[in-house]
Structure formats: structure tokens, C-alpha cells
Amino acid sequence: MLRERWEASPTLNHKLFQVDFLTTLAGDAMITMCYHRPLDAEWQAAAEQLAAELNVSLIGRSKGQKLIIGQDYVTEKLDVAGRTFSYRQPEGAFTQPNGTVNGKMLNWAFDALGERQDDLLELYCGNGNFTLPLATRVRKVLATEISKTSVNAALSNLDDNGVDNVTLVRLSAEELTEALNEVRPFRRLHGVDLKSYDFGSVFVDPPRAGMDPDTCELTRRFERILYISCNPETLAANIAQLHDTHRVERCALFDQFPYTHHMESGVLLVRR
């Protein structure tokens, strides 16, 4: 139905090359339309009419241009261990693709981490998807993420959910590894006392490339490694690197992409 709408409109269809959709279990929907041409007032009027008819937010993008009709994010609500968490998911940033399965992943990770009296290090935290529920299981959290859009969303999500025991720093996993190894200082860590943390666990949710060798070595320091992976090959390689110090205590599979060969994994490793 949507495709028929824009194809019937010369204004909306002209030089349109990509359409992205982001929806939530909570009922929000956002459409991003990408063009090989500047967007003008005529496009804006046609897009506003389409957004009103479909009751969605609509984003128009072309080189150096972003027009927003409605808002440039959706809000998801997920229940973890009896508490509802609200997530702002901005346009253009990474989000888990399957809301229902994401809820199951969050509950699995929450249970696997357990109630702790020490601190948690989180790498690749994104918009705070896992950060919010896991923060309720520990004394405090140091979380890192490299994407500025995701960092801003995570900060909003922490504030919206009243989670106040998380320090969020915009660093890559490789940079944080250097900081913890005291290789060099980072201005973005100003005011963060790394030595004040009593880390007992590390949570990682890396991209498909997995953890780089230095970051993987860093995780050896922790009694417990909670690992969410979207690539079983790099997960296996990282587990093999950690095999002499950690063993797999529990694992789970999550089918984020039904009818495809892709599979999400969760693994808890504990020190031998």
C-alpha cells in the first residue's frame, strides 16, 4: 500500500532510491525516504500529506539535507523482569531489528548477569538497550559507545527511565582498552576515575566483526563475560581466544531474523 502511494506521486517518487522503515511494538512507525535530488517545498507538502494519511513520522534525506515530518525517532517499550523500560530509537542509529526477540534477549541477559554487589563494564552500548536493565543488577556501570547519535539516545533513555548509576563515555572499545591499560589519556574521560570501579563483569555486544584481539584480551580480567553476538563465526573465534581462562557456563540462541540463516547468540563465560 505504501509503495503504491509514493509511486503514484511524481513528487515523492522522483529520484527516490531507498526507503527505510522503523516500527516498534509500542505502535510507533517512522519512514525514511532517501533521494538523489534536493528536497523542496513541493516535496514537503506531499510528504506531510502522506505522513498524515498513514499516521507515521516521515524523514526525507538527500545529500546535506534532512527534513523531518513528525519526529526523527520512535519509542519502544519493553518489559524486563516486571519493569517496563522506554527506549528512544533515533533515525539512522542501530537498533535491534525484532522487538519481541529483543525483549527475550534482555530478560536472558538480566537473568544471566544476576544480582551483583560490584560494577559492570559495558562495551558497544548503543542506545542503552541492555544498559538500562543491567544497571539495576549492579552497583554502577561504565558504558562506552562510539556513535554520537547512539550516545545521545542512550543519555536520553537513561534520564527518561530514571537510571542514575551509569557513566556513559563516547569511546570505541579499542580506545577504552588503551585507557584501562594506561597506554594514553583521553580527554573524553576527564572527570571519570577508572580506579574507582570494582568491575566484576563485562558485557559486550560487538558488531559482526566481533571483539578485536586487544579488547578480547582485556575481557580476561573479568570474572564474568556476558557476550551477545550477531555473528557465530567471530563469537567462536573470541571464545577460542578466551578458552584457557574462561569457560562457557550458559548460552542461548535468539532468532532475530526468521526464515534466514542469521542467528543471534548469548553466552555467559566465567573464569575457570
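Any Cβ shown, glycine's included, is placed from N, Cα and C.
It should be emphasised that the depicted structure is a prediction, and the values quoted were computed from it without experimental measurement.
Pulled from TrEMBL, these are the features on record:
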- Gln96, Tyr124, Glu145, Asp205: S-adenosyl-L-methionine binding site (BINDING)
- Cys230: active site (ACT_SITE)
- Cys230: active site, nucleophile (ACT_SITE)
Binding-site residues: Glu145, Asp205 - member with fewest neighbouring CB atoms within 10 Å: Asp205
Residues within 8 Å of the Gln96, Tyr124, Glu145, Asp205 Cβ centre (excluding the S-adenosyl-L-methionine site residues themselves): Phe94, Cys125, Gly126, Asn127, Asn129, Phe130, Ser150, Pro206, Ile228
For Tyr124 (S-adenosyl-L-methionine binding site), the three-state class that DSSP assigns: coil
Rounded Cα-Cα span from the residue listed as 'active site' to Asp205 (S-adenosyl-L-methionine binding site), Å: 8
Longest CA-CA distance among Gln96, Tyr124, Glu145, Asp205, per record bound to S-adenosyl-L-methionine, angstrom: 15
Spatial separation of Cys230 (active site) from Tyr124 (S-adenosyl-L-methionine binding site) - C-alpha basis, Å: 13
In the chain carrying Gln96 (S-adenosyl-L-methionine binding site), residues 6 or more apart in sequence that have Cβ under 8 angstroms from it: Asn102, Met105, Asn129, Gln256
